[in-house]
Amino acid sequence: MKKLIEDLTTLVGVSSREDQVIQYMLQAFQKVSSNIQIDKLGNLICHFPSGKKNAKKAMIFGHMDEIGFVIRQIEKDGFLRVDRVGGVHVQILPGTRVNILGSKGNVPGIIGIKSHHFMKPIEKNNLPTIESLYVDIGASSAQHARQLGVEIGQFICFQSNFVELADGLISNKSMDNRVACAILIELANRLGQTKEKLNWDVYLVACVQEEVNIRGILPAVRRIQPDISIGIDVTPACDTPELKGFTPVELGKGPAFTFYNFHGRGTLAGVMPDERLLQTLIKTAKENQISYQREVAIGVITENAYILFEEHGIPVASLSVPTRYTHTPVETVSVQDVEQVVKVLYPFLTQLDEDSSFGKDHLLR
């Protein structure tokens with residue numbers, strides 16, 4: 001799993017530019033399934049049919065895209081002004097290494113800021129804004145920058161720097177949400193060997209454009225029309241000095257089951273998981289002796305916030321991988337936590353009965 005995550009986080013996949021990740025996921029899925037589709041947005045669907053007539057459909061998903069930047073202006077002296085693609089953590093950006101996805105290949109750059117030596121006292125205590133920062137690619141003019149293949153509208157990603165820490169922790173850019181991509185690949189490998197065990201059709205969806213509009217998966221949802229939707233994403237771990245006590249979620253204690261999340265800044269949306277689906281997942285974790293955590297995450301949102309309103313209403317649930325330093329180039333996770341998501345979802349999928357039912361429509365029966 002560790003090598004798989006390293007490979008995936010090394011890839012470039014800023015929102016709407018997920019092609020490298022799509023190709024990687026496609027090759028992995030093709031080893032175990034011939035039922036694969038890619039829609040016009042880039043959502044990748046890997047279908048494991050049960051072989052049963054009118055089988056119910058379970059959809060497991062995770063997004064491929066990562067946060068980044070887009071070039072807004074090329075200054076006369078060759079420096080680049082940028083805007084954020086997704087919720088980049090601006091406070092940590094000065095001195096960060098990036099790659100511009102130029103027309104002639106990747107162009108390395110560094111995010112610059114006024115020299116500390118020449119800052120006024122009041123400036124030293126001010127947080128940077130995206131407007132005050134710039135990218136230095138070594139170009140001496142706008143013409144020089146363009147000769148390097150750099151142009152307005154091109155995307156920028158953090159440079160990859162995979163690091164192994166103590167106690168099974170690993171760090172790199174785009175753990176959000178390449179850990180979910182790794183989980184989908186591992187699930188596909190297992191399902192490809194045990195298709196006869198399925199009573200439900202299973203759809204694994206590696207989706208796009210979550211970091212920008214959260215809704216990139218919707219064309220795939222409308223194509224599949226699932227009976228249940230289970231999302232995999234990261235969630236902030238609150239085991240570092242500045243966050244201790246905010247939630248009980250920690251690294252190394254297993255995946256977190258989301259009981260409620262809400263993002264009140266602009267999107268005004270959140271997830272209220274289906275109680276029966278959530279409790280069935282928890283029961284599966286207990287039966288398989290998998291450590292798990294419970295979370296209420298304010299300020300967090302996933303695609304399930306919109307999926308649950310599709311069709312006639314879709315029961316949803318979310319499993320989260322605890323992650324330190326989210327939306328930075330050093331997102332940090334426990335390999336064990338990632339592996340345990342697979343150990344929950346695989347038996348859940350294979351133990352679904354033909355009569356298994358979720359949602360509230362059973363109240364009419």
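Glycine residues also receive a Cβ, built from the backbone N, Cα and C atoms like all the rest.
Unlike curated entries, TrEMBL annotations are predicted automatically.
Small disclaimer: the values here were computed from a predicted structure and weren't measured.
When TrEMBL records D176, E211 as binding Zn(2+) 2, the matching candidate from H89, H312, H327 it lists for that site is H327. Of the listed candidates (H47, H63, H362), TrEMBL assigns H63 to the same Zn(2+) 1 site as D176, D233. Distance between Cα atoms for D233 (Zn(2+) 1 binding site) and E210 (active site, proton acceptor): 10 Å, as a whole number.
Cβ neighbour counts within 10 Å, taken over all protein chains shown, single out E210 as the most crowded of the recorded positions E210, D233. The Zn(2+) 1 site is defined by H63, D176, D233, and by the 8 Å test on Cβ atoms against their centroid, the other residues of the chain that qualify are G62, N177, A180, E210, E211, I232, V234, T302. Each of the binding-site residues D176, E211 was assessed for Cβ neighbours inside 10 Å, and the highest tally belongs to D176. Secondary structure at H63 (Zn(2+) 1 binding site), as computed by DSSP, is strand. Figure note: comparing Cβ neighbours within 10 Å for the binding-site residues H63, H327, the maximum is reached by H63. Cα to Cα, H327 (Zn(2+) 2 binding site) and H63 (Zn(2+) 1 binding site) are separated by 14 Å.
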